[in-house]
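K.L.:
Pasting the feature list from TrEMBL:
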- 23-288: domain 'NADH:quinone oxidoreductase/Mrp antiporter transmembrane' (DOMAIN)
- 60-80: transmembrane segment (TRANSMEM)
- 92-115: transmembrane segment (TRANSMEM)
- 152-171: transmembrane segment (TRANSMEM)
- 178-196: transmembrane segment (TRANSMEM)
- 202-219: transmembrane segment (TRANSMEM)
- 239-257: transmembrane segment (TRANSMEM)
- 277-294: transmembrane segment (TRANSMEM)
- 290-344: domain 'NADH dehydrogenase subunit 2 C-terminal' (DOMAIN)
- 326-346: transmembrane segment (TRANSMEM)
Amino acid sequence: MNPYVLAILLSSLGLGTTLTFASSHWLLAWMGLEINTLAITPLMAQHHHPRAVEATTKYFLTQATAAAMILFASTTNAWATGEWSINDLSNPIASTMFVAALALKIGLAPVHFWMPEVLQGLDLLTGLILSTWQKLAPFALIVQTAQTIDPLLLTLLGATSTLVGGWGGLNQTQLRKILAYSSIAHMGWMIIVVQYAPQLTLIALATYITMTSATFLTLKMSLATKISTLATTWSKSPVLASTTALVLLSLGGLPPLTGFMPKWMILQELAKQGLPLIATTMALTALISLYFYLRLCYAMTLTVSPNTTNSTTPWRTQTTQVSLPLALFVVSTLGLLPVTPAILMLTA
């Protein structure tokens, strides 16, 4: 892609998210979300592969539907209250429609079906943008309006997403689909606590973005898109293979890695709010997710690739990828648990 065009598209992505962050008016927030969608569409279709074009079409139709629902919800709310302010979402029909639209935008269950299919059709870097940056603007709106939304609806969305995210990833062999289900499960963790402690949602979102960036960049470095490809990683780069295994365990939420921090704090908050049954359900769904991360680790570190391959064996080829972002994300993914008290103090 032409570097000038790429620069325009990436700056439009930044503009759209910033516009939604800064807006207190429904139309401006909607405009920011639309700019975001229109800016990522060419990035998704840049390879001109049938799968990429199909993924782009699915994504565009889904996001257009969600945007229309947001516009309809905000118009309904303005009609009922006479206010276009985001913080004044007092009409129950409008708020339910608004939550449904944002759930569709970020891929929460039960409106998650587009997410694995779209992510599977993209390359790893565009998939990284879709899984991280594209979540920011809708989450800003969810955090702003969380107190006016029905708590039962948010709890149901969160619990269903963690269950579907764990369950759906069990039978997958494609790494991008596994990461899509991982994304759905993490979104569920963030949604369930947003009504009680929005700062925990932001901490969980920041750690999710860090861990997912580290995962996508390590997979891009090792050129892996299937579980069977992971088995050859150990012979190519033992250090990268062991790092990837640790990053995946961090995504699963194992202590003493960073991924344990948001899960631990969210479970603690749910118990404080007198919801031990929901906290137990969330912890059990995290175990289902952990299984498929362990399956990836097993394929990568404890199995040897068959020696009688008919294809050329990949060896230690020089990579052109910049390794500094990868190093920073990996260090953050593996070592932030000890600074939990400091993070809590900053967000209090």
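Glycine too: its Cβ is placed from the backbone N, Cα and C atoms.
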K.L.:
Quick one: do the transmembrane segment (277-294) and the transmembrane segment (178-196) reach 3+ CB pairs under 8 Å, ignoring pairs fewer than 6 apart in sequence?
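P.N.:
In contact, yes.
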K.L.:
Quick test of the contact rule: Cβ under 8 Å, at least six residues beyond the ends. What residues does that give for the transmembrane segment (178-196)?
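P.N.:
Here the qualifying positions are 106-109, 112, 115-116, 118-120, 127, 131, 135, 139, 142-143, 146-147, 149, 151, 154-155, 157-166, 168-169, 172, 204-205, 208, 212, 215-216, 251, 262-263, 266, 269-270, 273, 278, 282, 285-286, 289, 292-293, 296.
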K.L.:
Rank 152-171, 239-257, 326-346 by Cβ pairs under 8 Å to the transmembrane segment (202-219) and hand me the top one.
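P.N.:
Between the stretches 152-171, 239-257, 326-346, 326-346 has the largest tally.
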K.L.:
Near the transmembrane segment (326-346), which same-chain residues lie under 8 Å Cβ to Cβ, leaving out any that are not at least 6 residues past its ends?
P.N.:
203, 207, 210-211, 213-214, 217-218, 221, 243, 246-247, 250, 255-261, 265
K.L.:
Given a Cβ distance threshold of under 8 angstroms, which distant residues of the chain, six or more beyond its ends, lie next to the transmembrane segment (239-257)?
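P.N.:
Counting only partners 6 or more residues beyond its ends, the transmembrane segment (239-257) has Cβ contacts under 8 Å with 182, 211-212, 214-215, 218-219, 221-222, 230, 233, 263-264, 286, 289-290, 293-294, 296-297, 300-301, 330, 333-334, 337-338.
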